[in-house]
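The annotation pyruvate binding site is assigned in TrEMBL to THR44, VAL192. Under the heading active site, proton donor/acceptor, TrEMBL lists TYR129. The active site, schiff-base intermediate with substrate feature in TrEMBL is assigned to LYS154.
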Amino acid sequence: MVEIIVPILTPFNEKGEIDGEKVKTHVENLLKKGVDIIFVNGTTGVGPALSKDEKRKMLDYVLDVTNKVIFQVGSLNMKEVLELVNYANDRDIIAVASYPPYYFSIPKDFIVKYFKEICSVSKHPVYLYNYPGATGKDIDVNLAKEIGCIKGVKDTNPDFAHTIRYKELGIKTYNGLENLAIASLSILDGTVVGAGNYMPELFSQLREYIKAGDMRKALDLQLKIDEIDGTTIPYGKISSMYYLVKELQGYDVGVPRPPMYPLEENKVKELVEKVRKIWNK
Ligand code: ELE
């Protein structure tokens, strides 16, 4: 089955603490609307901005609802990375994932060592989260091959040919961009889509059209998704999603936490109106 994976938002209250009940409500709704797997502590979940304790909490809140989970453990603090891998070892999940050590200028063999170390500790499959636009490091098929133990990849990359090549390794392969969902759902193992937080049913519908071979309808829907997704960019994609879930899915997922700043009321109103108009919802 081709999978729809949502990198889940991390719901915060006004004090900046994670609200576990909101996580559960959100996960239940996503699964009901056709999402297969929840990606925890991804970019949309502000993974790099969470503490180790918060990352663990997010995993457990999601696990209260489903074990269809990929747990992102990446950090620049190696001790914490391995503690999170060990934490996952005691739980039933699909895989752990990590982006590479970012920020620093390091030789490739450090990246290889980083992932090998995770593999040596993890009892779960280890997935690569490749997002060169954010991390400044591209772990392509050749480097992934050198690492040797990578069992899946989420490639957030506009270069779809780059993503396809991981299939040479026979591993689970997903592209992480909304505007390539049609391609990902057609020929990869699925798609990882942040916008699935607030429009999961559109991605499910897209998968249905593709499955039925109705590519004309699939393309029209992809273009509609792109227009909605593009609308959120000037407001801050991640911040926007909190308000769009509330308006379009009908429940509260809390507020963003700085450095993802909350949006002013008039901006929210403007954004919601624009999105509703395109979606016709
Ligand atoms: C996307 C990134 C991409 C979804 C995650 C994801 O959130 O972990 O700003 O669209 O390039 O790959 O969020 O973000 P943009 O996998």
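Including glycine, each Cβ sits where the backbone N, Cα and C put it.
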State the count of C-beta atoms found within 10 angstroms of the C-beta of THR44 (pyruvate binding site), not counting that atom itself.
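Neighbour count, Cβ to Cβ under the 10 Å cut-off: 23.
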Inside 10 Å of the Cβ of the residue listed as 'active site, proton donor/acceptor', count up the other Cβ atoms and send me the figure.
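Total other Cβ atoms inside 10 Å, all chains included: 29.
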When you measure from the Cβ of VAL192 (pyruvate binding site), how many other Cβ atoms are you left with inside 10 Å?
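VAL192 (pyruvate binding site) is surrounded by 28 other Cβ atoms within 10 Å.
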Give me the non-local Cβ neighbours of LYS154 (active site, schiff-base intermediate with substrate): same chain, 6+ apart in sequence, Cβ-Cβ under 8 Å, ordered along the sequence.
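Spatial neighbours, sequence-distant, of LYS154 (active site, schiff-base intermediate with substrate): ILE5, PHE39, ALA97, TYR127, LEU128, TYR129, ASN130, TYR174, ASN175, GLY176, VAL192.
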